[in-house]
């Protein structure tokens, strides 16, 4: 989709802020500021998605990445007392590796984008062409292909995430030590007034 | 240039300002109503000095907060310290952009309206975390962690509740969600376009879960572990005073109203009249919408007065071990029901 006029102006605004805050992510001194800039980058990326008509992806980016993943990032960075200044001292030594990763990513991105124009052996673009946004909304169009053509990939992705989640839970499991008192919710809920209170008639001057 | 950009832009700006002003005034009276209900249950009078029946109490409080001195702790991270209350109130207000007050009365009637509100309410956690961290003190920090974990936990069940409603509606647009409630269970019973058609009846368990999750998501009692003033001080807001504190309070109440509005739209038929008969359907939809919001808020206020505060582990258990399985099961059950009865 080609953006013109106001759309183009907003595109440049969001793109500029996204790139500027991405630069700040790696150059900010304070790691918490880095994460906050990362969130700003995500936010602008979501805005770019919405601007190009992919409103569902934009919103999911907001909910999943900013609403959940970045919160955990922020938690971890805030809780860890890491001296990032000393870690950054030798950071320039890793510049060649970083550049290599960047080049690989950029070229892969170019190949993916290029394939769209060449269109050879592109099952996705041939089997399910992008529907007109006025006829079929973005969300429905995504559902159309995810739950039909790509249902197994979708299921496998879900399964991988499930396994990862179970793995994370297992990692935090500790063997129960003897002698530790824990609260038993069932017992607490099942407790009644009769179990805990006894009403006794006490005669005056006698005591119990 | 003028026809295409400036004129529509001005109209949107004007609409936003009107909504903003109306919302802020409404919030002022909702705050007053909250205190009055609370007082009435406790056999107190509540605010009754400023204005007739104390109606102007909220405005007096506003003035008091604004003319106080804002104190910024010297060890705090000043920028983020001041940004946090702005974020929490601005985000709460942003959610209102897609809320349809009556048919066609939405500033932005977007395709993914409900997702937008969900996204905005999930971003509200940042105001809390940033405030807690920027204060550079242990109490706000622990308070922020506590309430952030709470808000993130209850978003999950809210998400699933929204999914069940969306399964029944088939659209993410807020207006479509309301209009789909014209026809439902009540129509099958012979009472077309009535309150029996609304989703609260067909999806009653989800209605209850949504209501309780909304309480937890907005840090309302009985889940107000953020600022349990008797035992935990004021959570992430300890170091705040004056206008920044006012912004937090404002954001909190507008978020509560947003959740009330969401309850009304998802379950209580939005602006639709309770029964589609002559005197009731003459009343404009916006009245019904506000009336229903007030009713839901009244329930919020009554819960605050009646239910004792939850312990933190009970809160987490309720979110993850009770609501999550039930809502997950209900998503599957609703989807299967719609599939096999062919209603979807």
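Keep in mind that glycine also has a Cβ here, set from the backbone N, Cα and C atoms.
TrEMBL labels come from automatic prediction, so no person has curated them.
The annotation transmembrane segment is assigned in TrEMBL to B:6-33 (among others).
Per TrEMBL, transmembrane segment is recorded for B:80-99 (among others).
What TrEMBL records for B:105-131 (among others) is transmembrane segment.
Away from its own ends, the transmembrane segment (B:152-172) comes close to residues 111-115, 118, 121-122, 125, 180, 199, 202-203, 206, 209-210, 213-214, 216-217, 266-267, 316, 319-320, 323-324, 327-328, 330-331, 334-335, 338, 344 of its chain (Cβ-Cβ under 8 Å, at least six residues beyond either end). TrEMBL lists B:152-172 (among others) with the feature transmembrane segment.
If you look up TrEMBL, you'll see B:198-216 (among others) marked as transmembrane segment. For the transmembrane segment (B:198-216), same-chain residues at least 6 beyond its ends with a Cβ under 8 Å from one of its own Cβ atoms are 150-151, 153-154, 157-158, 161, 164-165, 168, 181, 184-186, 222-223, 259-260, 262-263, 266-269, 272, 296, 299-300, 303, 315, 318-319, 323, 326-327, 330, 334.
Here TrEMBL flags B:245-273 (among others) as transmembrane segment.
For the transmembrane segment (B:285-306), the list of distant contacts is 26, 30, 33-34, 37-38, 41-42, 101-103, 105, 211, 215, 220-222, 256-257, 260-261, 263-264, 268-274: same-chain residues at least six beyond its ends, Cβ to Cβ under 8 Å. Here TrEMBL flags B:285-306 (among others) as transmembrane segment.
Feature annotation from TrEMBL assigns transmembrane segment to B:318-338 (among others).
Using a cut-off of 8 Å between Cβ atoms, the transmembrane segment (B:80-99) and the transmembrane segment (B:318-338) share fewer than three residue pairs, counting only pairs 6 or more apart in sequence. Within the chain, the transmembrane segment (B:245-273) has long-range Cβ neighbours (under 8 A, six or more residues past its boundaries) at 23-24, 26-27, 30-31, 62, 65-66, 85-86, 88-93, 95-96, 99-103, 114, 117, 121, 124, 127, 131, 161-162, 165, 174, 177-178, 181-182, 193, 195, 197-200, 203, 206-207, 210-211, 214, 217-220, 237, 280-281, 283, 285-286, 288-289, 292-293, 296-297, 300. For the transmembrane segment (B:6-33), the list of distant contacts is 47, 54-55, 57-59, 61-62, 93, 96-97, 107, 250, 253-254, 256-257, 290, 294, 297-298, 301: same-chain residues at least six beyond its ends, Cβ to Cβ under 8 Å.
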